[in-house]
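Per TrEMBL, the features are as follows:
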- 14-34: transmembrane segment (TRANSMEM)
- 109-245: domain 'Fatty acid hydroxylase' (DOMAIN)
- 282-302: transmembrane segment (TRANSMEM)
- 377-513: domain 'Fatty acid hydroxylase' (DOMAIN)
Amino acid sequence: ATSTSGMAFLSDEILAIFVPIVVYWVYSAMYMALGQSMDKYRLHSRSEEDSKNLVSKRDVVKGVLLQQLVQAAVAAVVFTVTGESSSTAAAIVTDEQSSSSYLTVARQFAVAMVVLDGWQYGWHRYMHLNRFLYRHIHSWHHRLVVPYAFGSQYNHPVEGLLLDTLGGALAFVVSGMSPRASIFFFSLCTVKGVDDHCGLWLPGNVFHLCFWNNTAYHDVHHQLRGNRFNFSQPFFVTWDKVFGTHLPYVIEDRPGGGLEARPLLTAAATSTSGMAFLSDEILAIFVPIVVYWVYSAMYMALGQSMDKYRLHSRSEEDSKNLVSKRDVVKGVLLQQLVQAAVAAVVFTVTGESSSTAAAIVTDEQSSSSYLTVARQFAVAMVVLDGWQYGWHRYMHLNRFLYRHIHSWHHRLVVPYAFGSQYNHPVEGLLLDTLGGALAFVVSGMSPRASIFFFSLCTVKGVDDHCGLWLPGNVFHLCFWNNTAYHDVHHQLRGNRFNFSQPFFVTWDKVFGTHLPYVIEDRPGGGLEARPLLTAGAKAGHDGKICK
C-alpha cells in the first residue's frame, strides 16, 4: 500500500484506455478544420455532407461517445484479466534488452495488424451478406454516405462491440503486446480509421503512400456502386484481393471543383457473387478452426466429470505443465491465424472458386466422386504422416531445434484437448500448416473435400491430446496411434519414441521408434499409459535424441 503513488493514475493501462480516445477527437478536429479551407482536395462537396447523409452530426457524436465508453470498459477488463500493471515492470528493462524490445514490439504490431484485419474483414463482409444484420446493425455506419473524420467510429453499439472492441481485444491478447505498446498501436488504429473517413485526398499523406487501403479506397465502399467491395479495414487490402472483393478506383476532377474516387467496375469485379463469401474455400479455412474449439470444449467438459477415464489427474495439468492455459490459447490462436492465411494463398494459387464448379457435377459423376475423395484422403493421410514423422523426429534429434522450438509443445507434460495445436510458431508453420498444404496439393483434393479432411485431422489431433481413455472411442478402435500412444511420447520415459502423427504408427515401426504401452489403473484413481520399455525399444535408437 505504501508503494502506491498518485502517478499510478497515469499507468500504462490508463493511458492505453484514454489516449486513443483523445487522439480520435484531436485528429478528427484537425481534419474537420482542414476540410473548411481545402475544397479542392475534398472527395465530396461540403454541402453533400448534410444533403446525402442520413444522420445528423449530433447523433454521430453521441454514437461515437457511447462506443468509446464501451471500449474503455472492455479494455479495463482485458488489462485486469491479462496481468498486473506494466508501469513498474517497464522500469526494470535493462539497456541490453532495449535493442531487442523494439523488434519485439514491431513483431507484436505486425501480428496485431494481421489479426485485426482478418477479424474485421470477416465480420464486415458478413454484415453486408446477412440482410438482417445489414438492415438493423451495419446500415447505421452507411448512413454516412459521405464519410467525414469523426464519423469513423459511428456504428450500431453491437457492431462497435463486435468489430472494433472485441477485435482490438483479440489483437492485443494474441500479439502479446504490453499495455504500453498498445497505447501506440491503438492510437495508430485510431488515426488510420479517422484518415480513411476524412474525405480529403491530400498530397503527401503518409497513409496514402504506405497503404492501398486509404481514404479513397474506403470512400468507394461507402458509394452505392462500391458497397459490395472493399471490405478490408483498417490496414491492408489483402483479404479483398484473396476473396475477390477488391475494387480499384481512379481519382478524377469532380465537376464543380474538388476530386472524386470513381470505381472501376471491371468484368472481374461485377462477376463477384455475395455468396462467394460462403464458398468452399472460405469454409475450408474456418470450419476446422471452429471444429477445434468446439471439440476441445467438449473434451474439457467431459474431463471434469470422468476422472476414472483420465490418464492423468486434473491437478497434474497445472502442477506438471510448464505453460499456462492462457498462453496456450494465445499460441493456438496465432497458429490458426497463420494457417488461415496460408490456406487462403494456397486456394488462390491452385485454382478458382469451387462454388460454381460444384454445381456442374453430373449425376453420372456422383457415384465415382466418393471413390475419388476416398483415394485423395488416403494419399493426403500418407503424405501428412510422412511429413510430420520426419520433421517431428528431426526436431528431437537436433538439440537446437528441440531446445528453441519443439520444446514448446513438450511444455505440456500432461496433454489436454485444446493444447493439441500449441507449438512454437515455426513448428506450427512447418509441420501443420505447410504439411497440410502439401497434403492438399499432392492429393489433388478440392476445397470442398478439404473441409472434411482437415476437420478430421483437427478432431484426430484433439483426440490424441485429450488425456481421456474413453470406452468405445472410435479413434481408439480404428487407430493404434491414439490418446495413450501419444501420451507415452509426452512422458519422460517415452519421448524418444512414438513420433508418428496424426494417423498411423507405420513410420515408428519401420524406423524402430515404436514403443508399446499397457493401460493400467492409476494409484489414487483413474488410468495411466505405462510404456513397455522392451529390449527392442531400448535398442531402437542411437542415443542422440534430446530428452
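Backbone N, Cα and C atoms are what each Cβ position is placed from, and that goes for glycine too.
Not measured: the values here are computed from a predicted model.
Broken down with DSSP, the domain 'Fatty acid hydroxylase' (377-513) shows 92 helix, 1 strand, 44 coil. DSSP places the residues of the domain 'Fatty acid hydroxylase' (109-245) in helix, strand and coil in these numbers: 92 helix, 1 strand, 44 coil. Predicted-model confidence for the domain 'Fatty acid hydroxylase' (377-513) is 93, expressed as mean pLDDT.
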